[in-house]
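> This is the structure, below, for whatever I ask next.
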Amino acid sequence: MSTVKTIAGQLDAKGLKVAVVATRFNDFIVDRLVGGALDYLERHGLDMENVTMVRIPGAFEMPLVCQKLAASGKYDGILALGAVIRGGTPHFDYVCAEASKGIAQAMLQHSMPVGFGLLTCDNIEQAIERAGSKAGNKGVEAAAAMLETIRVMEQL
């Protein structure tokens with residue numbers, strides 16, 4: 001029986017250049033996502049001098065900014081962090097759907113790993129739980145996914 005070749009990404013951020021796209025809407029949540037993600041990446045060897053922080057108004061602007069950053073060729077990966085909280089109108093559904101699709105499109109179009117840390121929550125309590133409380137920190141999870149994907153892509 002032959003041996004299966006396995007490709008896996010190591011969680012080593014040394015030498016990488018990363019762009020972080022973070023929304024200003026719901027910044028009391030987003031700042032916790034950013035803090036957790038940057039702490040995680042630094043603990044895994046990322047030099048903070050190699051991080052470019054891009055602050056944008058909200059989730060709807062994320063695809064455009066991620067696409068521009070990916071096309072620049074300056075970064076190994078992008079981290080998209082934000083929080084959209086459901087209100088009383090369908091606006092939530094449109095913003096979440098288009099932001100998600102657009103971020104995925106930028107990732108695929110440019111073969112650029114993008115850590116997807118856009119919270120889409122029904123209420124503030126859910127957002128708080130996902131930004132470092134009961135449900136962990138989704139910014140950390142997005143950073144880990146981005147890092148592992150960068151290292152996998154290097155081997156393909």
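Every residue gets a Cβ built from N, Cα and C, even glycine.
Straight from Swiss-Prot, here's the annotation block:
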- H91: active site, proton donor (ACT_SITE)
- F25, A59, F60, E61, A83, V84, I85, F116: 5-amino-6-(D-ribitylamino)uracil binding site (BINDING)
- G88, T89, R130: (2S)-2-hydroxy-3-oxobutyl phosphate binding site (BINDING)
> Ranking the binding-site residues A59, V84, I85 by other Cβ atoms within 10 Å, which is at the bottom?
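I85, out of the binding-site residues A59, V84, I85, has the fewest neighbouring Cβ atoms within 10 Å.
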> Taking only the Cα atoms, work out how far A83 (5-amino-6-(D-ribitylamino)uracil binding site) lies from T89 ((2S)-2-hydroxy-3-oxobutyl phosphate binding site), in Å, as a whole number.
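A83 (5-amino-6-(D-ribitylamino)uracil binding site) and T89 ((2S)-2-hydroxy-3-oxobutyl phosphate binding site) have their Cα atoms 16 Å apart.
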> What subset of the binding-site residues F25, A59, F60, E61, F116 lies within 10 angstroms of T89 ((2S)-2-hydroxy-3-oxobutyl phosphate binding site) at the C-alpha level?
none
> Considering each pair of residues in G88, T89, R130, all listed as binding (2S)-2-hydroxy-3-oxobutyl phosphate, report the largest CA to CA distance in Å, no decimals.
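Site span for (2S)-2-hydroxy-3-oxobutyl phosphate, by Cα atoms: 23 Å.
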> How many angstrom lie between the most widely spaced Cα atoms of the 5-amino-6-(D-ribitylamino)uracil binders F25, A59, F60, E61, A83, V84, I85, F116?
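Across F25, A59, F60, E61, A83, V84, I85, F116, the two farthest Cα atoms sit 17 Å apart.
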> 10 Å Cβ neighbour count around A83 (5-amino-6-(D-ribitylamino)uracil binding site)?
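Taking all protein chains shown, A83 (5-amino-6-(D-ribitylamino)uracil binding site) has 28 Cβ neighbours within 10 Å.
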> Using DSSP and three states only, what is F60 (5-amino-6-(D-ribitylamino)uracil binding site)?
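Note: F60 (5-amino-6-(D-ribitylamino)uracil binding site) is helical by DSSP.
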> What does DSSP call the residue listed as 'active site, proton donor' in the simple three-state scheme?
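DSSP assigns the residue listed as 'active site, proton donor' to helix.
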> Report, in whole Å, the straight Cα-to-Cα distance of H91 (active site, proton donor) from F25 (5-amino-6-(D-ribitylamino)uracil binding site).
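For F25 (5-amino-6-(D-ribitylamino)uracil binding site) versus H91 (active site, proton donor), the Cα atoms are 14 Å apart.
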> If one measures from the C-alpha of A59 (5-amino-6-(D-ribitylamino)uracil binding site) to the C-alpha of the residue listed as 'active site, proton donor', what distance in angstrom results, rounded to a whole number?
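Between the Cα atoms of A59 (5-amino-6-(D-ribitylamino)uracil binding site) and the residue listed as 'active site, proton donor', the distance comes to 12 Å.
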> Please work out the number of neighbouring Cβ atoms within 10 Å of the Cβ of E61 (5-amino-6-(D-ribitylamino)uracil binding site), leaving out its own Cβ.
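Looking across every protein chain shown, the total is 18.
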> Find the shortest Cα-Cα separation between H91 (active site, proton donor) and the binding-site residues F60, E61, F116, and name the residue that gives it.
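Looking at Cα distances from H91 (active site, proton donor), the smallest one goes to F60.
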> From the Cα of R130 ((2S)-2-hydroxy-3-oxobutyl phosphate binding site) across to the Cα of F116 (5-amino-6-(D-ribitylamino)uracil binding site), what is the distance in angstrom?
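About 13 Å separates the two Cα atoms.
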> In angstrom units, rounded to an integer, how far apart are the Cα atoms of R130 ((2S)-2-hydroxy-3-oxobutyl phosphate binding site) and I85 (5-amino-6-(D-ribitylamino)uracil binding site)?
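About 12 Å separate the Cα atoms of these two residues.
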